Amino acid sequence: MPPSERSPLLNKTAVVDEAVPEELDDDLLDLPSMVRQTAYLADNPKIHVATFRFFVLAAIFIIPGAFIDTVNSFRTTSAAYSIFFVQIAAHWAGRAMARHLPKRQVGIGRFSFNLNPGPWSVKETALVTIAAKSGATGNLATNALAMVEVYFKTRVPAAAAIGIMGAIVFVGYSYAAIARPVVSYDPQFSWPSALMQTALLRSQEEGDRNGEKAHGSESASFSEVDGERTVLPDNVIRKNMPFESGEDDGSSDILKANTQWDRDQETDSADSDSLSDIDRKVPHVHMKATKSDSDSSDTEAEDFHNGWSTQGVFFLCAVALCLWQVLPEFFFPMTSSLAVLCYIAPHNEAVNFIGSGLGGMGVLNFSLDWANITSSVLLYPYWLQVVQFVGFVASAWVLIPVAKWTGVVGYKYGLMSNSLFTGDGFPYPAERLVTSTGAFNATAYAHYGPVHLGAQRSWNMFFDYAAYVSGVVWVVVFGWKQLRHSFANSRQAQGSNRFDDRLNRLNRVYHDVPTIYYMVMFLLSISVLGAVHWAGYLFVPWWTIVVALGVGSIIVTPLMWMYALTNFQLPIGTFNELLYGLLVQNQTTKHPAGAAFFGCVAGNAWYRAQHHLESMKFGFYTHLPPRLIFLAQIYGEIVGIPVNYISLRWVLASKWNYLTGAATDPLHQWTAQSLVGYHTNAIQYVVLGPARLFENYPLLPYGFVLGLVAPIIVYGLHKRFKRSPLRLELWNTTVLFSSMSHFYGNISTGYFSKFIGASIVSLYYFRHRPRLWRRYNYLVAAALDTGYNLSLTILFIVAWLGFRAPVWFGNDPRSVERCFALN
């Protein structure tokens, strides 16, 4: 076996931990504190995982998720189909199936399986969650398919559409093989989202044990299966608890900056005693209150837990939000955007614009609609949410009034629109710029004049370019040494054999996914794309697909490196479409939709690779066989992709007038801003071409310069003022620019409320009620998203039955915000 490697990012941690060797085993030294506290440090490979129950429950949870997430892409605001909901609901449903399904062997030819092979385990819960995370999502191709139908009157046949949707997904999965050796096994990459799911799983297992004690029921644990206890190594039994003192800050500034959650948790849990669940021979973390926590805090958390089970808290929150959402979504829309300034001066146009969240800046605007708040306030690190809010303030509260009321911006039309305009502010007849052969119509362009963008749309593009470059530069300047070390180590040994920490040792018993699997998946995907291109429904020259695949292979590792440390996913769609425009600008004929389809291929090479490796890391923390994870993800996509297509057809059939602009949704939800953005990019980058775009907007290319320079400046300031209370290393320019590149359109409500909610969760509960936060944070997030999705389902049925919301003070058809002067 090749010698194991120790990550330099954790050297300082090792020194601190070695000060008390009796508290920490050698194979735990390289694991960050939050990983030691959260991941399973023991395993039982005998537990049943790929069961009949798994396949049934995975399909049940994938179908509604694929539908909801596809529909969400056409709405202005929405709450995602929560993977935490799936994890909790699947666990309870699985335990119910284990109690009630007959223990019967079923044979189908030479193949047979048991309907109920034994107690339900958290490993099955994890596998169902992984399948749902793969299939219960939207598909990047849906917007491209919708755009070509809505704007260019070309409907792609079902077989070709589903082929595109599947091929781009599996290209992304195959590209995960490129980044996998770098980010999957090294303990420095904690993958915060995977840790969150693991923490919730531990909470569920704890609830199971409490239930077993109270009711005498059973479930499969990591140390026991089929009534037999698994023998674990002596050091696991003797020293199964992590040392919980000191900061895991390593030598890397990027890691120190982006593991604030981990370090704060260490601070919260400092001085806590190491406890062991020796009777069950399973490492399990029970953290006592910190010295800074008052006794009343401990008592409050314990009393709350004794009074409410996790199931009780989940159902209470879910039902409460389900009932509440009837108000902002149906009966009382005013609560979705509480425009305080409009109440003071409802007929003053300037005041209305400043205070409105449905057509203005959203100053002092509050939202009580979960669709506008979402569970991100409970899930994202606080520093990330602060930077995002700063980006919103800079864009909506600074740049918009400057553009509207000063002479800085010459073109005043379409300020908060992502459509295209003529010089006098009318919608640009973009379809007339393309001849019947797909060539650029220079005569029409000369007649209608240059294409104009709204001011907000133009700076969105500027900061989009800056964010893309910043994403790469930030990783290089803050983590070059560690990135180089990771690449070097990936060539020395394979998989878990490269590292000798506890988790890698436990996972060596499982066969890894061979590289040939990824290669076969890639070749099959390329074959499907080739067939669709031959049929004429890919709308791009074949050689641009090769370029798209090449770009994806280059960016997948650095972007994955950043995501594995920070949980931040960089949007790259606009840059891909610009690149396509540069590639085809000298072509005589080109379909405007080509940029969107090019972006699907290049973008999914990163997005789906991230999905794949994140689920692999979740399975790594919970000790699932990698090949089973691979199978679960493919199963999830096989179930989910057809549902994505059916959902797309439903939206196009039922919301066609809203999508085309023939009618206006009174709640400003079915605005299809993403679809409009795709169309705008198609005209800008393909029909007009980057040369004409930059000629009309010469400042746009300087976004690339800003993205190059800004991270270097922040890095220099951080090195100069390392002890600054501003924590300069946390002011990630990629996150800031990405937030400023987000198109807020006429919806600016919710962001102030999100910031307030994040501050309450992070500054109060996380710091001063850590036990309460650890026990219920992810549970409440899952419950609230569950209640929201249930409410949407009920309201859909209500609308289908023909019921209409009453017109009254809280649902004024002139303006639900009572901003009557707003034009």
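Residue positions begin at 1 at the first shown residue.
Keep in mind that glycine also has a Cβ here, set from the backbone N, Cα and C atoms.
Where the annotation comes from TrEMBL, it is an automatic prediction and has not been curated.
Taken from TrEMBL, the feature transmembrane segment covers 50-68, 74-94, 156-178, 313-343, 350-368, 380-403, 462-480, 516-535, 542-564, 699-717, 751-766, 778-803. Annotation comment: TrEMBL describes 204-227 as region 'Disordered'. The compositional bias 'Basic and acidic residues' annotation in TrEMBL covers 204-216.
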Counting Cβ pairs closer than 8 Å to the transmembrane segment (751-766), the top stretch among 350-368, 542-564, 778-803 is 350-368
The transmembrane segment (350-368) touching the transmembrane segment (778-803) per 3+ Cβ pairs under 8 Å rule: no
Given the cut-off of 8 Å on Cβ pairs that are 6 or more apart in sequence, determine whether the transmembrane segment (542-564) and the transmembrane segment (74-94) share at least 3 such pairs. no
Sort out for me which stretch, of 74-94, 313-343, 462-480, 516-535, has the most Cβ pairs below 8 angstroms to the transmembrane segment (50-68). 74-94
Same-chain residue ranges lying at least 6 outside the transmembrane segment (380-403) that approach it to Cβ under 8 Å: 192, 260-261, 354, 361-363, 409, 412, 415-416, 455-456, 459, 566-568, 727, 730-732, 735-740, 742, 744, 748, 751, 754-755, 758-759, 761-763, 766
Six or more residues beyond either end and a Cβ under 8 Å away: which residues meet both conditions relative to the transmembrane segment (462-480)? 252-255, 257, 555, 558-559, 561-562, 565, 570-572, 574-575, 578, 699-704, 706-708, 710-712, 715, 729, 732-734, 737-738, 740-741
Establish whether the number of Cβ pairs under 8 Å between the transmembrane segment (516-535) and the transmembrane segment (313-343) reaches at least three, counting only pairs separated by 6 or more residues. no
Tertiary contacts of the transmembrane segment (313-343), defined by C-beta under 8 angstroms and 6+ residue spacing from its ends, are 88, 351-352, 354-358, 360, 363-372, 667, 749, 776, 779-780, 782-784, 786-788, 790-792, 794-795, 798, 805-806, 809-812, 815-820, 822
What residues elsewhere in the chain lie close to the transmembrane segment (350-368), defined as a C-beta under 8 angstroms and at least 6 residues from its ends? 324, 327-328, 335-342, 344, 396-397, 400-401, 404, 416, 668, 746-753, 815-817, 819-822
